[in-house]
């Protein structure tokens, strides 16, 4: 039996209550509950977190942090109690690796080569025939929703549907059975009605290669007949690659009430290298290339018609993983995202790099370190009416930003961003303001370590910043949950699971006042918790 200690602070008073918990199995780490003090009893729901949790199987080890086998964490807030449990995702990859007691399925930074005792010629023929390799289903990036179904997802064609309460795998899902995709993002958008929008990439085996925008209706699930929500997927738009053999890598996209924003960056996937990786003894990560001499194209797609705006918007070469938010304002589309000057971020997460002492890590990475920069871009929507505009004219009329969009001689528009803040990643917002004009965003502070030791809140209007930090503590991506009936954008709490390198300090669930970033409460957990990537908060009414 294990015990969890919950500590809540009200003014200068501290309350604590130890409650026994149970270990359900080797797969379930712990199921714990703890007391929540009265003002937080409105907090009802489950926070699911996903990320890599196992990096060694038998005598074999992964090379990259993004390779580790998925471990899902669950924090359930119910009637003043908090329950914690975790479970390794029971993917086919997990089953194959554990059964063999070694890593037998290739991942992003770890390539597994054919057993020389097996028929290598048969395997080689299969790879050549497919052109694009069959990817792992080790879905370690995020938890996403289609209809009423919840999935552990990564960026490939496979997902694993899970029960959000028990964390059991319900079934493996293949996008290809419903829509022609080889890859899809783990950062979809949900509109006010609950419909899900996402983007993917259709490579050569599906005909002409395209980026694909698609929608899954909110009522798509059929739990009674066990039919997946994806069976009702609708394609919104296709966007052709600008280079057939070098599609842009993308991790997320932007969405407003009426538009989808897709940034086609010069961080590209080399299709030929991908198809031949196993023969060149190369991993899939090596198939990504950043072309700093190229441009970044910005595509604007009408959600209702599925047609792309004909104007060519572009900016300088950059790398982006996360969009923050986007909205429409007085004839403009405004979108904010976290950008980098290069693609070196992935290199920092090789495990050999992460195992270095702090001073050694800083010394070896500071030359190539490109800090994340939160930038605002503005796209005028009335360009078709201003063909007579002189070359060099800034078409942005908004007064609350320094972002510019400049008319070029060929009719294209060159976008110059407004820098909002430097050093925040893994951005989150009050999701009620997704696609709408907003003021605040929350994120992890990224400095000289790939493991953020601070979380912060940025005010876009005042450009001020506040943060939470504690010695030896590493908080996860902050998640905003609004107070019931809240009117103000930052009326709510921030949830973050925190791990510590100090063996005398237990990991804990942190609850902050979203307005002030002052600590309201924490729930200490007598269990091992890993750093994770992304997650999803499910209000109680959605889990029934």
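All residue numbers here begin at 1 and follow the chain in the order shown.
For all residues, glycine too, the Cβ spot is worked out from N, Cα and C.
According to TrEMBL:
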BINDING   187, 251, 322, 534  Fe cation binding site
SIGNAL    1-18  signal peptide
Suppose the Fe cation site is 187, 251, 322, 534. Which further residues of the same chain have a Cβ inside 8 angstroms of that site's Cβ centroid?
141, 142, 185, 186, 252, 321, 323, 426
Which of 187, 251, 322, all binding-site residues, has a Cβ with the fewest other Cβ atoms inside 10 Å:
251
Set of same-chain residues at least 6 away whose C-beta sits under 8 angstroms from residue 534 (Fe cation binding site):
49, 50, 51, 141, 142, 143, 186, 187, 426, 477
